[in-house]
Amino acid sequence: MSDTVIKDDEVDIVIAALRSDLTSFMEDWRIIFSRFHLIIVKDPDLSEDLKIPDGFNHDVYTKSDIDQCVGSASTSVLFSGYSCRYFGYLMSRKKYIVSIDDDCVPAKDNKGHLVDVVAQHIWNLRAPATPFFFNTLYDPYCAGADFVRGYPFSLRNGVTCALSCGLWLNLADLDAPTQALKPEMRNSRYVDAVLTVPARTMMPLSGINVAFEREVIGPALFPGLRLGGEGKLRWETIEDLFSGMCAKVVCDHLGLGVKSGLPYVWRKESGDAVESLKKEWEGVKLMEEVVPFFQTVRLLRSAVTAEDCVLEIAKMVKEQLGPSDRVFTRAADAMVEWIKLWKAVASASTSAA
Amino acid sequence: MAHPSSTTPTKIIPPLTDELDIVIPTIRNLDFLEQWRPFFEHYHLIIVQDGDPTKTIRVPDGFDYELYNRNDVNKILGPKASCISFKDSACRCFGFLVSKKKYIFTIDDDCFVAKDPTGKEINALAQHITNLLTPSTPNFFNTLYDPYRDGADFVRGYPFSLREGVPTAISHGLWLNIPDYDAPTQLVKPRERNTRYVDAVMTIPKRTLFPMCGMNLGFNRELIGPAMYFGLMGDGQPIGRYDDMWAGWCCKVICDHLGLGVKTGLPYLWHSKASNPFVNLKKEYKGIYWQEDIIPFFQAVVLPKECTTVQQCYIELSKQVKEKLGPLDNYFQTLADAMVTWIEAWDEINSQPKAVSQSTTPPKSVSQSTTPPKKEESSPKPK
């Protein structure tokens, strides 16, 4: 990983600003972020002006920018709260996007070194993924590791990795009931591994610390499922989980890989799990339907792009999940709207900023 | 009224001492057991002596064990002994066959106690037991790995209906120092050592195959034992070093079908000996080509709903092996037959009522005192 050479103009760092004062966040990340271009999207529901320290190459998008691009009706439906980051994905022209929640700071690894979250994500995306057979020594491409005995040679080329999902020390991405039951629990276990999530295996894709190859999988990371009581804490959302499962299905269908594991970020304390529990109960209930749905989705062979796949899934969501809850019908409509936007706005060719 | 002395330390009783056997195949010696003594001494060992049966394998004093050489295998199984490999560690599955316990831990004789990053010695057996006694989660991937571990849990989005998990059938451990590479990789990277301690246990998802290494393996014999057949390898066979792989693919397919879980990750042990890569290449050569067909075969296997026991699944699998892999090489016809022989042997040996099998336990006693029990030189009487 240490020999990963990242060209500065290959990466956009997309930050959803749910709090107005980004000073300490940006200072904490300065050493890692400052060489890259940043896209900061202000939550349209946030009224205060953003405070951003000097010395960053960045663009800021606010409610008026979003309104201008998509129309104010769509703004509130698609891009409020955590979902405002997707507008950043739409605006980006870079090959890779790295997106971190604004309540996270750099973590330290087992040796006490600061984790370069961008370098690790880009390494994950650059090295092949191996979704068709599990390697018991995890990532076979990193230094000091390889494929183990019994791993078929024809599968050792791997496939393109489209999505890299990192993890969190301190406040892990647990749901509200779990955190409320174990209020003292903090994640202190640094697991030194990256692994490919096998094909046809579903997982909860947390949006807190992700990176992806924009042109390849961007259309499948969308603002879709908005809870009735969706709030400004991760406990009060499942939009990333819904979109993430869709993205995994798309990756499986298109023969792309998804990795999970390193890098870690340090997630700071915020919110009250018990309070969020009152709102998040809806999300917990919906996951019971969402997961079996995605586990059985099979896409047509004719769907050869991420856009095609998402549109097909949107149809299925409407038909199969819509009848049980209107939230799914709205999600399906949002997915269709998103693809329209993506085709109109985002699918310009990759060019240096 | 007497009060217990506050200075007497509470004796920690190792878990499952009456329910777990440690199976060790060996052709050389068992000196490695000295290092494992604190962790193994309360458990019963089944030693399967491969190679020359006239050679005496020295077992360090103080262990409770039964030892079987090739003569014993032949005596106990009669004509069915043909399914047990000779001159290959695949013979270890004979130990699985004759065990009377619920759990098995199997380890190679060139594996030693590893240390974790804090420098503490790792009790690999205890970790396997924990893995086997906690559920697996094959139906949905938990990004924080084993949710039942201390300090971990299910992540946001993990459906509550799936949080009970399923019973764990297999616990697959890893190796520091000499990693389990195939011959080509060993030849290209002779100096590579595994120094990365990955502090995780995880469930291998449903419908995902993996290469199961037999060096450091625990399993629930009652749940999956009949599928732990290590195939025909070694002397007189066209292939070697695919015994554990074969068992692992069969087991995984059956576990997926029966709703059982397979874990991989901790514990680590220290693998000390790199076998000769040129010798390995000769053994593996055919396997390297054959696995290109074997893997798609296992990936496509569908077991009928009517197969509800491991034995039924395994017999059905043997039929499919014969039909689909038979054309690849005659070896698979023979292997399919051996798979059936194995199940016949398993059912014969394991269908005895408990009272009978207890009376035929080896004459050497379980040591409760400080005097080491007598050395067991010959096998117990056949049933």
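Glycine is treated like the rest: Cβ placed from N, Cα and C.
Automated prediction, rather than curation, is the source of TrEMBL annotations.
Annotated features in TrEMBL:
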type	residues	note
COMPBIAS	B:353-368	compositional bias 'Polar residues'
COMPBIAS	B:373-383	compositional bias 'Basic and acidic residues'
CARBOHYD	B:R156	N-linked glycosylation site
REGION	B:353-383	region 'Disordered'
SITE	B:R156	site 'Required for activity'
SITE	B:R163	site 'Required for activity'
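All protein chains considered, the CB of B:R163 (site 'Required for activity') has 16 other CB atoms within 10 Å. Separating the Cα atoms of B:R163 (site 'Required for activity') and B:R156 (N-linked glycosylation site) is a whole-number distance of 12 Å. Sequence-distant neighbours of the residue listed as 'N-linked glycosylation site' (same chain, six or more apart, CB under 8 Å from its CB) are absent.
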